[in-house]
């Protein structure tokens, strides 16, 4: 669920996700096209691809269960949709954390009209 994803990102990065990531680069937030602008934007590209692979459910609105153990996200539960969705969100949140040093404020509200490179496939 998007609200759970928000909490994961906040825990992993310390940043407010809606401000910091909702409009970042060419892939963070709604939609996506062109080539990812940097490593953070690539996290969003990979997250979008991960969601595309989740079939038979709507990953954006599926609730899942997770916990934090020693600073690590642990996805819990059994149903396919929720477990896979949680893993997609977990990977993205960790990716954001791992790329904090290269986060660029200039991409924070990047207009998608500048995302003109050919779109990469998953």
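Using N, Cα and C of the backbone, Cβ positions are placed for all residues, glycine too.
Note that this is a predicted model, so its numbers are computed, not measured.
The active site feature in Swiss-Prot is assigned to 47, 89; the stated evidence is sequence analysis. Swiss-Prot lists 27, 29, 31, 48 with the feature Ca(2+) binding site. Sequence annotations record features per position, and here Swiss-Prot assigns disulfide bond to 26-115, 28-44, 43-95, 49-122, 50-88, 57-81, 75-86.
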Per DSSP, three-state class assigned to residue 75 (disulfide bond): strand
Additional residues around Ca(2+), ordered along the sequence, whose Cβ is within 8 Å of the centroid of 27, 29, 31, 48: 26, 28, 30, 32, 44, 45
DSSP-derived structure type at residue 122 (disulfide bond), helix or strand or else coil: coil
Under 8 Å by Cβ from residue 44 (disulfide bond), same chain, sequence gap 6 or more: 21, 24, 25, 27, 28, 29, 32, 36, 92
Same chain, 6+ residues apart, C-beta under 8 Å of the C-beta of residue 122 (disulfide bond), given in sequence order: 48, 49, 52, 53
